[in-house]
Amino acid sequence: MADEISNPVDPSQSLKRPLEGEQLEEAHPPQPILPEDSAVTKAEKVERNGTNGDSVDNGEPSAKRVRIEEKNHKPTAADSRDRIRGIAPVKAEYLIQPAGSRSATDDRNPAENDDDAEGKPRGDERDNGGKKKKKAKGQNKDRQFGSWGDKIKLCNSISNSSEFSPKECSFGDSCKCEHNLRKYLAEGRRADLTTFNSKCPVWEDNGTCLAGWKCRFVGSHSKEIQREDGRMELVLIDDSDRMGDTALGYEEALGSVVNVISTKDKIDLAKKKTPMEKSDLYTTWLDQNSEEVNRQSNLRKDQKNDQTEEEKQENRARYVEPPFLPSEKRRIYFGPETPVLAPLTTQGNLPFRRLCVELGAQLTYSEMAMSIPLLQGQKSEWALMKAHKSEVTPPRVNSDRTSIVRKYDNSKDLKFGTQISASKPFMAIKAAEVLSRFVPHLRVIDLNCGCPIELVYRQGAGSALLDAPSKLEKMIRGMNAVSGEVPITAKIRMGTMTGKPTAFKTIERLAFGGVESRERLGAPGCAAITLHGRSRQQRYTKSADWSYIAECAALVKSYNQKKDDLTDTVMEPDARTLPNAPDGKIHFIGNGDCYSHIDYLDHIQNAGVDSVMVARGALIKPWLFEEIEKGQVLDKSASERLEYVEKFTRYGLEAWGSDEIGVGQTRRFLLEWLSFAHRYVPAGILEHLPPSLQDRPPAYRGRNDLETLLASDNYMDWMKISEMFLGPAHEGFKFQPKHKSNSYEIEAEG
């Protein structure tokens, strides 16, 4: 399998398995390589665990980071643990034991202890004679999902056909799949599910179910009829008034999924038959221009001063203009009324985004896609581009505020954007060209400059771009040149090292370009910048620094004035080099620790950002977007929260299919989401509002049995919740939380 997996960041660099005894920086458990994994996930698993999924374990504890305490903490007159920092303030009557007791905190399931998985515990030397307790490791070793599928595999030639009218099998007599439909139904599959009133939710919504006879609800859309010759035939039932064109494929037939690239286009990409004229021209010019810039930069200062006017003119003539200028971009808008759902690896799947849009998210992003696998036509990477039809509707905006962006047309705007990662300019530029060509419903293409994954960082992508500002500028400038009308944006962190923020310089370069290119080429054309208020080194061991985000927001607001100072006043800058022409306004979005409408409004009003991007807060309570819209804390009941689980399940079956494999996929991603959602503490049992994202729940009982179940940190209870809608799990299905901490790092959410 290892031979088939190349480095998705830079194919010229081989994947490096950890040496024996080498300590890994991140605490990730060994995981099997799954067919549906994206390229970066597959490569990371090879690097961490080797090619066979065996764990690398030298018997020593995993590397852990020191927990950084909040500043200005004032202890009470009594024991400072009476009000435990980092523990949600649950009312006493709901605590299983007092909040300061050992069992309410230390004996809580290790899945609740963020520090065990993400930071090195400080310990409490007042206990056990000053000796620190030994903490559980922050990894689940040998994490596996198992496998699931039908006992007998039904041939696709009959899976969607009537019993007596199968399609021609392309394998003929050599086919190893079952062609006897009645035998398959009797012996080759598990019994129909009885959830959802025994009715297929996919068929109920779309009038067809392309899982056909493999559907776990097939009894609700099939029947047995008597033919003229007296034979009884099994047939599938469709509602032609509601179904799409089944010949187009699964998503197109359902009509709810967009941005589906054709198989032919993916094959052409894999065979390098897809023409990329713009990218080729631009990268050729970029290489030539870079050589001349480097030559001039290497001249000593005295050499430059001694140059005659004729030599200076000759040097200017060496510079060649770009082969073409960017197309004028579609206007975009970010405002207080447009909360943004962050790009989330694994969790940011289509069903979850669909649920968040339904609850009020105005802007969404795909999971981070790697440029090289996209250019190679890999199915798993292009699958990340799929969006639900609700994501391609215009965001809700305030017409009074949208006037800030002249010529903004809300009817042409949409919610869904994509995020990519690249380590070299040509990768980002070519990926931007193919995305703008093959993905028709795309709001923006966002360049990830904050991903802290070691594999990505080591190859020069993600947060490594923060330390390579010239390369970052070339990427943004080139992507802007080839992306047609699709705007280019960037997501950055404060910097790579704690205490050494570099966002000021990064933002200035994204806004105006470097000094070596500013005068000749103008602005790079970055339409929006999102700043995550942490460094790469910090990860999630400290609260996001919103004071620094506010300083950066002030810098962005001064953009128009600085633009006037830095551009040639004699010649009006070309509108096509500006991000939101003709205004040239860069939108600025803040990201980090938003968990309530109060946090959101505070960041808008006091930090001065245009909008706020929400990540973990939305995973724990997706109705955060509804709270932002209504301006109040919503105390969702257990039954309401269970309805969201049901919706996710319905959306998952529609996205991944209602056959055995699709049910297993839906269950897996539901459990991944519940590993976050169980951390929610109902507002009605908290002593203080608003809640804090950094607070972990103590051991408590809910207001009813269902609320207690939803709060369980035992993944077997999450399995019970999944069985309410998906029935008993397949005997081969396995699941363990990705970390013992349910708030494991969303690594690609840079």
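Cβ atoms are placed via backbone N, Cα and C, with glycine included.
Among the features that Swiss-Prot reports, active site, proton donor is placed at Cys451, with the record citing similarity to another entry. Under the DSSP three-state reduction, Cys451 (active site, proton donor) is assigned to coil, being neither helix nor strand.
Using a 10 Å Cβ-Cβ cutoff, Lys491 (FMN binding site) registers 26 neighbours. For Pro343, Leu344, Thr345, Gln419, Lys491, His532, Asn591, Gly592, Asp593, Ala615, Arg616, the entry in Swiss-Prot reads FMN binding site.
Taken from Swiss-Prot, the feature compositional bias 'Basic and acidic residues' covers 17-28 (among others).
What Swiss-Prot records for 62-73 (among others) is compositional bias 'Basic and acidic residues'.
The compositional bias 'Basic and acidic residues' annotation in Swiss-Prot covers 118-130 (among others).
Taken from Swiss-Prot, the feature region 'Disordered' applies to 1-145 (among others).
Per Swiss-Prot, the feature region 'Disordered' maps to 292-319 (among others).
Away from its own ends, the zinc finger (155-179) comes close to residues 188, 210-214, 227, 231, 233-236, 246 of its chain (Cβ-Cβ under 8 Å, at least six residues beyond either end). The zinc finger annotation in Swiss-Prot covers 155-179 (among others).
What Swiss-Prot lists as zinc finger is 200-221 (among others). Here the zinc finger (200-221) has Cβ contacts under 8 Å with residues 150, 154, 158-161, 181, 184-185, 189-190, 192-193, 234, 236-244, 246, 250, 253-256, 649-650, 653-654, 657-660, 662-663, 727 of the same chain, all six or more residues outside its ends.
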Excluding its own, the Cβ atoms lying within 10 Å of the Cβ of Arg616 (FMN binding site) add up to 21
Rounded to the nearest Å, what's the C-alpha distance separating Asn591 (FMN binding site) and Cys451 (active site, proton donor)? Just drop the number here, would you?
-> 14
Same-chain residues at least 6 apart in sequence with Cβ under 8 Å of the Cβ of Asp593 (FMN binding site), in sequence order, are Gly533, Ser543, Ala544, Trp546, Asp599, Arg616, Gly617, Leu693, Gln694
Can you grab the distance from Thr345 (FMN binding site) over to Cys451 (active site, proton donor)? Cα atoms, rounded to a whole Å.
-> 11
Among Thr345, Asn591 [binding-site residues], residue with fewest other Cβ within 10 Å = Thr345
Could you tell me the C-alpha distance between Cys451 (active site, proton donor) and Lys491 (FMN binding site) in angstrom, no decimals?
-> 9
What DSSP reports for the zinc finger (155-179) is 7 helix, 1 strand, 17 coil
Secondary structure composition of the zinc finger (200-221) [DSSP: H/G/I, E/B, coil] = 13 helix, 0 strand, 9 coil
Work through the recorded positions one by one (Pro343, Cys451) and point out the residue whose CB has the fewest other CB atoms within 10 angstroms.
-> Cys451
